[in-house]
Number of protein chains: 2
Amino acid sequence: MDDRLTETQIEAPLSLAKAGGHGDRYGARADRMGRMAALGLPLPPGVVLDFATVASIAEGGPIPCIPDPIGPILALRASAGNRRWGGPQSILNVGLSDATLPALIDKIGARGALEAYRRAIRSYAVRVEGMDPEDFDNLLYDQMKFASRLGERDLEAIVAASKALYEDETGAPFPQSRDAQIEGALRAMAREWNAPTARILREANGAPPHAGLALIVQSMVFGLGDSRSGAGSFQPVDSSTGDAAPTGRYLPDAQGGDAGRGVRTPHMITEAERAEAGQTLPALETLEPAAFAALVDGAQTLTRGFGDTYEMQFTVECGRLFILDAEPVRRSSRAAVQIAVDLVECGVIGRETAILRIEPRSLIETLHPQVDPSARRDIFGTGLPASPGAATGTICFSPEAAMALHAQGEPAILVRVETSPEDIRGMHAAVAVLTVRGGMTSHAAVIARGLGLPCVVGASDLQLSLKAGELRARDGRVFRQGQRITVDGTSGEALAGAPAMVPAVPSPAFGRLMDWADEIRELGVRANADTPADAAMARRFKVDGIGLCRTEHMFFEGDRITVMREMIMAETVEERIAALDRLLPMQRADFAALFETMQGLPVTIRLLDPPLHEFLPHSEEEMAALAAATGLPLARVIARADDLREFNPMLGKRGVRLGITMPEIYDMQARAIFEAAYDAGSRTGAQVIPEIMIPLVSANREAELVKARVEAVAGAVMAERGGSLEYHIGVMVETPRGALRAGDLARSSHFLSFGTNDLTQMTYGLSRDDAGRFMRDYVQKGVFPEDPFHSLDIEGVGELLLIAAKRGRATRPDVTLGLCGEHGGDPESIRFCKVAGFDYVSCSPFRVPIARLAAAQATILTRNSAR
Amino acid sequence: MDDRLTETQIEAPLSLAKAGGHGDRYGARADRMGRMAALGLPLPPGVVLDFATVASIAEGGPIPCIPDPIGPILALRASAGNRRWGGPQSILNVGLSDATLPALIDKIGARGALEAYRRAIRSYAVRVEGMDPEDFDNLLYDQMKFASRLGERDLEAIVAASKALYEDETGAPFPQSRDAQIEGALRAMAREWNAPTARILREANGAPPHAGLALIVQSMVFGLGDSRSGAGSFQPVDSSTGDAAPTGRYLPDAQGGDAGRGVRTPHMITEAERAEAGQTLPALETLEPAAFAALVDGAQTLTRGFGDTYEMQFTVECGRLFILDAEPVRRSSRAAVQIAVDLVECGVIGRETAILRIEPRSLIETLHPQVDPSARRDIFGTGLPASPGAATGTICFSPEAAMALHAQGEPAILVRVETSPEDIRGMHAAVAVLTVRGGMTSHAAVIARGLGLPCVVGASDLQLSLKAGELRARDGRVFRQGQRITVDGTSGEALAGAPAMVPAVPSPAFGRLMDWADEIRELGVRANADTPADAAMARRFKVDGIGLCRTEHMFFEGDRITVMREMIMAETVEERIAALDRLLPMQRADFAALFETMQGLPVTIRLLDPPLHEFLPHSEEEMAALAAATGLPLARVIARADDLREFNPMLGKRGVRLGITMPEIYDMQARAIFEAAYDAGSRTGAQVIPEIMIPLVSANREAELVKARVEAVAGAVMAERGGSLEYHIGVMVETPRGALRAGDLARSSHFLSFGTNDLTQMTYGLSRDDAGRFMRDYVQKGVFPEDPFHSLDIEGVGELLLIAAKRGRATRPDVTLGLCGEHGGDPESIRFCKVAGFDYVSCSPFRVPIARLAAAQATILTRNSAR
């Protein structure tokens, strides 16, 4: 084919049936309609004017000759390079004139033909001559004062009045020549495309500055008039389930989108649908069995030809079906999975295509209950959608209240200004969490995602007064402990009362899709799991191991916190060791349970990370209680808490800094891990190879010092227990310096696991807990294209990951590279990890399916782009 | 020369006079002595056994033949590759025997000769045979019971007893052959060099594992005996001032280091010295005028030959001078400058050599008063030496108390747990600062260095109870407000009372040296100056401009803080603008004063950086006062303060984030800057080109948004004032992401100024305020080689600077690169900046001379290494 723009092309438009496969010159719609015509679908005949021709028309160039066989009356439709770039509305009934009217009356009856003529004059006047549409509508309404349904005479009068109006306004009669109407309509559409507003709008949707427009000139088919004519839409599947079930709407005596305008009640497509809706109007199936059969047939052809299920816009003209256009069926995420899997099983598409077709994030909806889309939403507060799903429960303003309610078997919703590690038990007991402060990666958000709890954070339009015991909404409503509310973590809203919910039942199709994903993906998917319950949840989602077990959460359970605090209060190493000795069996039991649950799958345990003050009580009452429990003077408790206070805890004495300045803590943890590995190994028979991770390393010497002590503990435990124990020691890379020095770190590390939460904080110099206050503003203003705590910042943090991966591998080619931040569950970030050559990602248990699917997609995409 | 080890070399030791210039084979001492001999200085003749020969001797190899002309009695001295690596002590009087004794008696008298023999037997027995020195000393003490000064007979008896003791212990008589004594002594010294402890010690001082030892065999000269013999040390300059003034000590009838052992009172060298010391013993000048003249002469020869002033060890044998060794004169930093400048002026060394010879940090001592080194120090607390110099004053526990005292003209010392921006006025009023908490870059430390105030931080052995109004030392002593103490910021100590001080008077020599440095250096040196007073101070230190003016400090002055707080309390943009309108004239006046002081030199002004909560009061009383002052309800004040509170203020809503979310603040500051530029320019006639710096940028869009608004303000001011105004807008690069994206940033930036304080914090994930608690531990354990807040971390932060410089220059080749962190005053970091191609560094005014000198050194070193 010749791609050059020539006069010949302007003279000879491309026939519609040949337009398929030339979207880059004829636009998406012409391409689609061409491919549909090529499949033998019943489309009205037509031709296409390409981008160059239309550009020339816009500048006053010649109008190509539209061949007569297309018919005397035409529909003109826009075809831009991409559906999202819009384009001028269609102009219909072009060529209708006093001369062509009689033949149309013969074909579809006088009423239909006159209505078409009325519409033809109106749209030509408005679009070509720029007249006010209201003037024409007034003619119609004036006439309708006298008749609820317009008869032939009424319409004749309106047509005459319309012509007169046209001539009054333009000084010339309504053009009676087909060619004149075509020229006027084509120039109008070409001009509209070049209007500044249209340009701005499409460029906002990603169109290039010189995006072209093609125009389709098609024979007009008429749904108006004749009792066997009408217009409608049809799709072969159910949009919410994806199950095979023809469905749609049909409106007799209608044109284009009339069926959706709600003027009259449309008919259903099948009798089954009609029966279910309790409608009396007969279904299309009954009205026009041949057209219906052709639709079912056409949908099948389209599915096989286009590789997806499509919704079709159609017109029935005197009993004969014409398909006008088609677009992929809109579908819920659940339906998307079902449709994709069905298409694979019918041999229409391959597994890889099915996998690529599902947006991984959409799986969330299939895993959590949701508020019924049709339920009334009584929103009293809005925040950030921190953890998806919805739950209804009773307001609790304290973790204790939530635990008490949970003990009674009642669903509790924990409502806090913000949460701290002390709230963990309350969060475990709650069905959802709502906080007034905090960002997408605040404590509440991170923990809730880990627990799979619906969560809304940063609902700053709410005021929580614990003193008054009330939660006050901006509209003045007050909610108190004990009232029922619903937290919708998918939308980020707090709802009053208990709206209807849609349950989460993963379908068999979901299971099949995930199995295929596992066969394809190369990137491991592990879970961030701190407890045997987390681990069991992760295993239900078919995880490859645990990539991050945060040991600190274990210290808040039950009465351990008191022992932990005694440890912190210790004034001598001996006192500290005595307290640690009491924590040892508890940690050992935790680790053993975790190892047993994981049955030999890898488990990476991070040594204690948070600063010690996080474990101390904050209020004076609690401090007094601690003093009483430990027998220490209150003054000493207060002094110690004061002493540990930090200006910037995120950048303080935590992680390996704690491990080096108080090495006894890591000694205890290492011993607990090794002893638990022995215990679990002998109980399950599956060998446990624990992976010990050192947090917050910024210099290799830190890792070396800890490693030496951990190895000493391992030696001691082996000597006591006999046999030999395999284990790996690695580093959590979460400071920019750690990333830059990864070449050094790999020397002491079996693995490097990137903690992208902290790495993002430090790379931006931005605390995730404090960023919530302005992040929405920042993203809205386009300062940051996205919240970097949500989707990995490829340009900054990503570069550090690439530098680190390269340097780490240079020193130790077989070093294992993992990512264990929140980004481990983010599809774009997962794709990045695949490209960067990582071995695994680790994410919240609830995001494991998302990560598995995204990992499979990453493999397919990398493979495709390498081809 | 043939470098291979051959038998010939073992047979033929190198003559001392030829050893100069062969330190890599004969060691540093032999090299030095060889060069001294070559200069014609009166050294005893000798030969050197090289490293290979001594190594062979240690393994039992042959002993080379020591030529007879060296003399019958010898001194053996060690010569290692580097003075710091040590080496066996000298063995003297080798070869003295019954046979050689008479000749020695003839030469120096019986008493001296017998004492030498006694020493010879003792040292041979101890060093070669490993006998206990105490046994020999007891013989001496036994004899001394009967006589306070030993006579000839006494010594004869001790020599005989020593010989008997030797034979008793070893089973053989004391060896009478010169060769046998030489062999024993040489093998002993070679063996001692190889002892494990000696190896470990020298390796700790940087010696390589196979460091060699050479041995010098020299004719023995005798200071013992004869009334015209003795030993001493001499130097041509005063160690504390550097002024030309021969000085030293001389002890007759003494050998080697006897003069320094304090057995007898030594004589002075010159009569002037004797007179000043009020001593009666005649000076060497009088006792031995010829030897004295030879010493003065020798010192001059040595200075010219070696290019530095040396202290010489000498022996006078029967009135004849012998020089034994020499080392560079120990000198105070003030003396170092004087000596270097004098050497240049005498034509001994060039200016570059003089500049390289001064340790830049040592200049601090010449710029601040210090505690007199000879004063008694009553230390009651120890912390970090955060800002050098010492000051005595009255304890004040609050900034208000310090200001009150200052108003009375009394020196105040501000003592705080830690300081915050609210203490700034108190710090301005104080002569020194002492804090219980904080690290080298805590608020107190940074501000104190900026103000040039002596400061000790992190004195964690002190307990400050504001309630009790007392500062309690670990030893139980209690200090209260009003007591006098001294803060020694050079040593990091808090001293009770008022020890004697040494004032700081920069000498003319200092001025000359700095002028030379300015002629050589290429790197600009600017000052971090916030006020006209800072700026004036910086100009006194001959600064090239202001690299960082932190505007926030201006908001704490006088009653501005109240207006600032009103601005923060504003609930609407209009309220905020109203408050800002009141701040505008104040800021404008500040900037105008700054510009006027700098007389057209560049001034970089950083837009507001700290989070707003830093400006709010903390206690409920203060909040109540604010509520009263502003007429706002107390609840609103508290709520707003609560609202602004952050988890990690360092990583919070500050810098450009503030500028983007509350753009009115930067608008006001930009207007104040531009209007001030007009005002100052018209007043002084020197054109002001303000440089506006946007802090904490991590994405270029941030800079673009602020830049657009600043440009709009500039346009408005120009329209109002007329004419045109030149100004530059740049970015403060202080987040790792900012550094990585410097290529983008340079697009919107005229300059990139690296804020290495924050960049270090974020690269390490380490808050400078919190790091103080464990940094000492970390550096001591070698986890970090140095405090990265003190000396730039070349490997991590440095790599980010290099990446940023490269990328910034790639986008905009003429972008100005500066460094404005604390590191701007650190010599190693300055050298790094020179190598990295930076344009300037900016540091505290008090560190400007250090930076100027270090910058000159960097230029010289870079030039030399390029040769």
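Backbone N, Cα and C define each Cβ position, glycine as well.
What you are looking at is a predicted structure, and each value in this text was computed from that prediction instead of being measured.
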Per TrEMBL, member of A:R540, A:R550, A:R671 binding substrate alongside A:R606, A:E734, A:G755, A:T756, A:N757, A:D758 = A:R550
Sorted by sequence, non-A:R550, A:R606, A:E734, A:G755, A:T756, A:N757, A:D758 residues with Cβ within 8 Å of centre, substrate = A:L548, A:D609, A:P695, A:M732, A:F754, A:L759, A:C820, A:G821
By the 10 Å Cβ-neighbour count, the most surrounded of the recorded positions A:H443, A:R550, A:R606 is A:R606
Go through the recorded positions A:H443, A:G755, A:D758 for me and flag any whose C-beta is under 8 angstroms from a C-beta on chain B.
-> A:D758
Cβ neighbours within the same chain of A:C820 (active site, proton donor) - under 8 Å, at least six residues apart | A:R526, A:N528, A:G547, A:L548, A:T604, A:M732, A:S753, A:F754, A:G755, A:T756, A:V841, A:S842
Once near-sequence residues are set aside, which residues in the chain of A:D758 (substrate binding site), 6 or more away, have Cβ atoms under 8 Å from its Cβ?
-> A:M650, A:L696, A:E734, A:T735, A:G821
Hey, does DSSP put A:R606 (substrate binding site) in a helix, a strand, or just coil?
-> strand
Rounded to a whole angstrom, what is the largest C-alpha distance between any two of the residues A:R550, A:R606, A:E734, A:G755, A:T756, A:N757, A:D758 that the record assigns to substrate?
-> 15
Three-state secondary structure of A:R550 (substrate binding site) from DSSP?
-> strand
From the Cα of A:H443 (active site, tele-phosphohistidine intermediate) across to the Cα of A:N757 (substrate binding site), what is the distance in angstrom?
-> 12
What is the number of other Cβ atoms found within 10 Å of the Cβ of A:G755 (substrate binding site)?
-> 28
A:N757 (substrate binding site) has its Cβ surrounded, within 10 angstroms, by a count of other Cβ atoms equal to 18
Tally of DSSP helical, extended and coil residues in the domain 'PEP-utilising enzyme mobile' (A:410-492) | 18 helix, 26 strand, 39 coil
When you tally the Cβ atoms that lie within 10 Å of each candidate's Cβ, which of the binding-site residues (A:E734, A:T756) has the highest tally?
-> A:T756
For A:N757 (substrate binding site), just give me the three-state DSSP call.
-> helix
